[in-house]
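Beneath this line is the structure, given in structure tokens, with notes to follow.
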Amino acid sequence: MDTPRVLLWAIFLISFLWDLPGFQQASISSSSSSSTELDSTKDVGNRKEGKMQRTPQESAEGRTPPEHGLRQKDLRRRPPGQHQGQEPPGRGLRVVPHEYMLSIYKTYSIAEKLGINASFFQSSKSANTITSFVDRGLDDLSHTPLRRQKYLFDVSTLSDKEELVGAELRLYRQAPPTPWGLPARPLHLQLFPCLSPLLLDARTLDPQGPTQAGWEVFDVWQGLRPQPWKQLCLELRAAWGELDAGDTGARARGPQQPPPLDLRSLGFGRRVRPPQERALLVVFTRSQRKNLFTEMHEQLGSAEAAGAEGSWPAPSGSPDAGSWLPSPGRRRRRTAFASRHGKRHGKKSRLRCSRKPLHVNFKELGWDDWIIAPLEYEAYHCEGVCDFPLRSHLEPTNHAIIQTLMNSMDPGSTPPSCCVPTKLTPISILYIDAGNNVVYKQYEDMVVESCGCR
């Protein structure tokens, strides 16, 4: 058979078989199996070379924009309990100082400048720290008369190293919407620890008296005596008193049923209250003299553990200390502050020992995150030489006089005495602690009043 005829028969056979459905499916399956075998061969080769094929989902993740990857990384670095977008303690507008705490700060700050409150803080029974805690209790949404109301405070930030001097609960009584009217019997308000029969304090209200709004203050010092301090729950109760035995007019009218008691109608309801009218627990403590920087490091370390990121000092032993480095902006502020106030050499250093200006700006130090007031103050510093003969106003010690004399005879053998503060005074600071509580504290030795040679 010649070649043209063979080719013609082959074309005819192929066209005939192509019209059969089974031949098309067999061809597709054969192609798929070939592709699978090819892919398998490639996978084996990739595994040998340390490469793996990525699924479509993995490929999509690999194409994630850099910003998304950065957010995921930051989320992994965020401490437990801090959600994305949550502000660290002491930042933003979440903590609003209560007017009572602001008034305390203003009063004592003015008194410090006038020098009239020294005896208050030097007394053995007085406080140098005042901490405020805002009520965290929930509203009672029931429609029944509210005869008892609980107030809950988180006092875990109080240190057992501090001496408890006093504590008070401040409740703002709103003006009742309507007068009570008869009967003319007293109304008793009593404060107890929750689940305890211990009466902490009591007040008597006159329902027929003036219905002016104002603060009711209860002494709760006994309720805070048990330690350790974690949570403090206080319960306010109301009860009608007995008629006065001398009120003959009321008795002549006969027995009258008093209206049902409801703390809401008395002005003690929680609903529709601005922040400045919420219940406030004020604790007065006396702490031992403590180094400011040590105490602030503890405060910042606690705040960092509660959720601050990227701007607070790393806690000791932190496994990821690198992620808690100060922000570049804060480093620039500190560098600028150091360069502006760190030059103490040259001609001025040859002046005699005296007090020089030193303006402290807490914002430049990066402390404005948690310090409310003051944001700046004049600390002063001592600078100059202590050469022979020493002036009497420098109040030198006998040792400083001898040391200065030896230095004048042989400067190489004995260094000169140093120009240091001889009298320091305190300042008041209002700040936010690690629990987002507003704290007033008087810090000793913050302002140089006089300098001398020592």
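Each Cβ is built from the backbone N, Cα and C atoms, and glycine gets one as well.
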CYS451 - recorded disulfide partner, Swiss-Prot, among CYS233, CYS382, CYS386: CYS382
Packing count at CYS382 (disulfide bond) (other Cβ atoms within 10 Å of its Cβ): 20
Spatial neighbours of CYS451 (disulfide bond), counting only the disulfide-bonded residues CYS353, CYS386, CYS419 and Cα distances within 10 Å: CYS353, CYS419
Pairwise Cα distance for CYS353 (disulfide bond)/CYS453 (disulfide bond) [Å, integer]: 7
Distance [Cα-Cα, Å, rounded] between CYS453 (disulfide bond) and CYS419 (disulfide bond): 5
Number of Cβ atoms other than its own within 10 Å, given for CYS453 (disulfide bond): 26
